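One structure is given below, encoded as structure tokens.
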Amino acid sequence: MEQKYSLLSHNTFGIDVSAACFLEYASVDELRGLIGSGRVTSPYLHIGGGSNLLFTKDYEGTILHSRIGGVEVVAETDDDIVVRVGAGVVWDDFVDYCVQRHWHGVENLSLIPGEVGASAVQNIGAYGVEVKDLIVRVETLNIEGKEHVYDVTECGYSYRDSIFKRPENKSVFVTYVSFRLSKREHYTLDYGTIRRELEKYPGVTLDVVRRVIIAIREEKLPDPRVMGNAGSFFMNPIVGREQFEALQAEYPQMPFYEIDTDRVKIPAGWMIDQCGWKGKALGPAAVHDKQALVLVNRGGAKGADVIALSDAVRASVRAKFGIDIHPEVNFI
């Protein structure tokens, strides 16, 4: 237990704030003990790697952080394998663990920052893969010390969303996540960038795909250890067919991804770039010069600086395209 604990190393934006109280635990029993001791005082917030948070001020309450580790095989057939993973496991360590064992499914999610528990809360995704399609169940403990296991069908997954993000589930803490992975070769290589990079290699393997994904991400995205950021700051908007066709008529070069016959996803980064924001700064916060979807802390930025930039970018996109883009990052 730490009082007035600095959160600088617990948020990838590098915002220098503190928590009134900081508690870590390494098992479900430890978490239950903390709850039973009365040390988890309201307000409270459970964080993972802090890679999807923007702290706007000091947190006048209790921050909880899981250090539950371990990867355990709980079921296996000739075709697939189910693993139960502690919520405190670093996500990319888990991806590497799977790739080394030739388990297919998570390789496209390489180098995404954060921890396993948060992956299930946020429904992380990249390059045609969403974690909801791999999750089997999510184990939780609530603020009253009660355990509950959610089948994936109960998790309410949609684009970067789940029931765990709802205000009424703020008191539900993820402890373990189980994933089903394939033992058979199964790749998702539909994104053009991936296919182009794979041409540099003599063949496709899990290790090669992971290396390609890492190379693509490192080229586009700044290292938060060097320049504070939370990865993609905005969600890609999904619009109806009629609105999409009107936009396409005006901007025939606009990239897009078909969701279904009625809905189309438009890259927010492209729209931000078209508004002239790529590489531009507003005080100590800026739009990254290689990926307009990413907002960065150039040094010494406060949460309010990032929000001011976010608001300005959103206003520009709304004025030019008539589309509201929404932050993927959670403001605290």
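For all residues, glycine too, the Cβ spot is worked out from N, Cα and C.
Not measured: the values here are computed from a predicted model.
A mean pLDDT of 93 is what the model gives for the domain 'FAD-binding PCMH-type' (15-184). Here Swiss-Prot flags 15-184 as domain 'FAD-binding PCMH-type', drawing on sequence analysis.
Here Swiss-Prot flags R160 (among others) as active site, drawing on sequence analysis. Under 8 Å, Cβ to Cβ, and six or more positions away along its own chain, R160 (active site) finds Q122, N123, I124, G125, M235, E328.
What Swiss-Prot records for S232 is active site, proton donor, and it gives sequence analysis as the kind of evidence. Using a 10 Å radius centred on the Cβ of S232 (active site, proton donor) and all shown protein chains, the other Cβ atoms total 22.
Other Cβ atoms within 10 Å of the Cβ of E328 (active site), summed over all protein chains shown, number 20. In the three-state DSSP classification, E328 (active site) falls within coil. The active site annotation in Swiss-Prot covers E328 (among others) and rests on sequence analysis.
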